[in-house]
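Chemist: As annotated in TrEMBL:
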- 1-316: domain 'Aminoacyl-transfer RNA synthetases class-II family profile' (DOMAIN)
- 81, 82, 83, 113, 127, 131, 258, 262, 263: L-histidine binding site (BINDING)
């Protein structure tokens, strides 16, 4: 029997992990300067954290991994998104009374959805997300978009654009829902099953349908902009003015509604227009939400957030020829010329590591030639040679593999000598 990873999953191999480390390091750097703090929530939550009332989203209705424990009626779900868990934690720990508001969080971690696997869409995927809770200000919407935009810009991505829309306040959405139901009423039975379900639960989500997107009834549907009250119009205008002030390019897309039901006012997607991304072009997306804190038992508070798919971000970088990560090269390799020097070789490699040098040695009693093949394959900058003669004389041979120069030094001069070759300690 052969064992393989489950469909829709992937192994992130050692040769690729430096790409992920680079992204994660940049994430922490950007969130630090924007004053966002990291939060880590459980990988699984009680199902009602995600399944809330009359939710019409595909994520809730089709894609969640839900299970019950043996001898228990408790329903648990692997998290399909990050926002709900962060808001649940914010309320459970009463952070609305303990921290300066708005509270700013970021998270990095795996999410789980039972989707049809395809390029850029897996059943286990990794997200970098931000959530800001406790203030309702259009300029805060701009800040969160600016954080993500600055991040992808720093990576060198250029084939990107911001799609943005407003869903307005409760009154505006109620008026728009009524108009949509009236518009779709005569044609709904000819539309897909998802649209028929959404017609009853949340008709705004019909606009997100891909199957019926080309039908005339979709093309002639009412526009959200025609149902915004003055307050909602003013809020959205301020958001766009903020984006203009920061020179963030955007395109207003009045069909954009996003895939989750809790959004209000601002919604947005940042997409790659690079053709290699195919249909999975959204790199990060999100919006403002007004009812989640109350749902979890907290006070009336607004929030805004977005999530970025790291797998898609890597695809976007590859599509634009941006190289991530670094080669797995060594600073030094201790070449042991015979078994009698192996313990000393271990002491030497341990000392090198203690001084910050990425170092390795041979543990298979291989020949000098075989060890040196590894030295060259790993592109070590320094080779440290130790054998019977060196051991007897208390010396080691240090060879600079860039200049081909070599010198013999005492054991206790090894680090000092290598420091000189590197002109100081290697960068952290």
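Counting starts with 1 at the first residue shown.
Using the three backbone atoms N, Cα and C, a Cβ is placed for every residue, glycine included.
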Chemist: Helix, strand or coil at residue 83 (L-histidine binding site), per DSSP?
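Modeler: Its secondary structure by DSSP: helix.
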Chemist: Based on DSSP, name the secondary structure state of residue 263 (L-histidine binding site): helix, strand or coil.
Modeler: strand
Chemist: Does residue 127 (L-histidine binding site) have same-chain partners at least 6 apart in sequence with Cβ under 8 Å from its own Cβ, and which are they?
Modeler: 81, 82, 107, 108, 109, 110, 111, 307, 308, 309, 310
Chemist: Rounding to the nearest whole angstrom, report the longest C-alpha distance spanning 81, 82, 83, 113, 127, 131, 258, 262, 263, listed for L-histidine.
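Modeler: Between the outermost Cα atoms of 81, 82, 83, 113, 127, 131, 258, 262, 263, the distance is 21 Å.
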Chemist: Take every residue in the domain 'Aminoacyl-transfer RNA synthetases class-II family profile' (1-316), average their pLDDT values, and give the whole-number result.
Modeler: 91
Chemist: Given the binding-site residues 81, 83, 258, 263, and counting only Cβ atoms in the protein chains shown, which has the most within 10 Å of its Cβ?
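Modeler: When each Cβ's neighbours within 10 Å are tallied, 83 leads.
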